[in-house]
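Asker: Can you read through this structure? Questions will come right after.
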Amino acid sequence: MDAPTEETGGGKSLFDELSEVTSKPADNDEWPTAVRADERTTANLCAPGKNERENLPSRHRKERRDPKTIERANLMNVSKLLIKELIDSSLAHGRMLDDDYIPLQQFFIVLEHVLRHGLKPKKGILSSKKEFWWVLETVEKIAPEAAEITTSVREMPNIRTPLGRARAWLRLALMQKSLADYFKLMIEQKDRLLQDFYEPGAFMLEEEGVVIAGLLVGLNVLDCNMCIKGEDLDQPMGVIDFSLYMKDGKYSDSTDDDNGEGNSKMATILDQKNYLEELNRHLNATVANLQQKLEQVQADNCLMKEDLAISKNSILTLQAEVDELSSEKENVTTGYQKQMEAAKQDIDAERATYITSRAGLDTMYADVKKQLEDETKLRLDVEKELELQIGMKTEMEMALRLLEKDIHEKQDTVIGLRKQLDDIKAINLELYNKLQACESTVKHKTEMVTKLEEKTNQLVGAMKEMEQRLKQSASDKVAAEETARKLGQIIAEKDQKRSALETSLQIERDTRGRVQSDLEQEREKLAQTQLEVAQLKDLKRDYSELIGRHEELQAQCTEQESALAELGSHLSESKLKVEDMREASALQREAHWASDETATHCKQCSKEFSLARRKHHCRNCGDIYCSECSDNKMPLPSSSKPVRVCDTCNEQLLHRYSATS
């Protein structure tokens, strides 16, 4: 797509206006630096006429410099003024910048001139065209995050020209505060990106490009909000009002310019310092987060190494089992080959008998020419039998597909067994489920085999019926010879029908050969199914062995659990004994041996002691009771034999012993 030509419109460009200002000397004989960016005004600014050269001040009568260096210097000075004025005015107002802010509009105009300076023309259909949109498109090659800006600009429906797309790209980059970063990347990669677009001596290829990239860093402190969709970015380039940068309609002297440049440099340096400090804090935070993540990753790596070692050991065991299964498979295949050879010999013998029987049938078919109605009925019966055979064939194909699916499922289960190495119980469950599936498939296959056997028996019965019919036709032949004398007039019609019957007989012979070939294929498939049934039995045997191992492991687990339960019961008993001993010791500490002199009545029944009612000490609590209230004997920790205790202590000790038991 060719770029459109630059439209000048009715307004003057930036450098045309500056050339008019510089062509008129000031009253105080102070001249500003010549400003221009268009090759069409180079001769007017850098090569003045004779009268103009005589009127120039003495400090401007210097040697002639390179026009491109003068253009770069002019663009550099104007860019500094605009960026300084933009930062100062935005900080003074303290608000977010929008589309109506005049310094921001003038900044974008100067930035367009900077990017357009020294740009190689892109040859179009009508004329040479200069557009810097293709330069900005290449930024996404070195900065992938710029691809989002480029795609959003391409998808804008109100922008139709490359110039409008370039303007929208610059505004979006400034709003995202990444314009300085993109310029810095372009300057660093200028040998790779910019050499194809710019001529030697262009602004972006010289040192001024590095300076402008540094100045743009100061714009990161600004907040911009511009409505790009509602703005007409395809319009011609605007004009800059230089009255904002002049005093009393004239340019300031060289000292003021120097002071302004110093202040602008100081402001840009401070802005860069603040930006770098914020960037440093952000980088420190990201480094801390990355260190934490690195520690977590290292811990996870250690755990994964342990899991890998465990999985390798289990893989080795499974590999040994796979080798055993492969050896068993080889044995099964050799047996299957022997069975196939025997089956082939049987098939050859059956084929020979079939050929002999078919020769006899051909001779018998030649005799049966006049029995048209019977033969048509027989043909219909044969067609029905063929349909049955076709149905049987389809059923066999479905059975084979099911068998193939089962084989694929078994292969998938083997792969799953290799992967699921960590949990033995999950493997056992999967094997159990697979065994159920195999049993269902075996049942289904046995049913199919029984159906096939029934169908083969039906075919044998049909063959016997055919032989009986042929015998009947032979007996009818004798009767037909007797009636042939009476049917001499119908011979001509019968001959025509005979020819048709011969063709039908030929067709029936062909169909009979096809049926025989299908029968042979079905026998081969039956042999394959029997082989697969044998393989399934082997798998069932392996599964039974695994179940036995699982039961042994479960028995070991139950034994260990019972042992743990016994240990727990012993521990609980020992704890209870310790508690009993502690309680007994506490009771012994608390109990005091009551004296006989002070006790006059029983402590429980309060009856007075006498010669008939004697005093007895409780060996547990130490109090004095009568014989009726202390007629109990219980073993105590302090004595090896049962001793006398009171009724209350007896109940307490019984309760304690029952709890321990």
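Yeah, the Cβs are placed from backbone N, Cα and C, and that goes for glycine too.
Unlike curated records, TrEMBL annotations are generated automatically.
It should be emphasised that the depicted structure is a prediction, and the values quoted were computed from it without experimental measurement.
Reproduced below are the annotations present in TrEMBL:
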type	residues	note
REGION	1-66	region 'Disordered'
DOMAIN	98-231	domain 'RUN'
COILED	273-300	coiled coil
COILED	365-420	coiled coil
COILED	449-483	coiled coil
COILED	512-556	coiled coil
DOMAIN	596-654	domain 'FYVE-type'
Asker: Take the coiled coil (273-300) and average the pLDDT across it for me.
Answerer: 80
Asker: Where DSSP helix means H, G or I and strand means E or B, what are the helix, strand and coil counts for the domain 'FYVE-type' (596-654)?
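Answerer: Summed over the domain 'FYVE-type' (596-654), the classes give 8 helix, 12 strand, 39 coil.
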Asker: Sort out the residues at least 6 away from either end of the coiled coil (449-483), same chain, that have Cβ-Cβ distances under 8 Å to it, and list them.
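Answerer: That would be 361, 364, 367-368, 370-371, 374, 378, 381, 385, 388, 392, 395-396, 519, 522, 526, 529-530.
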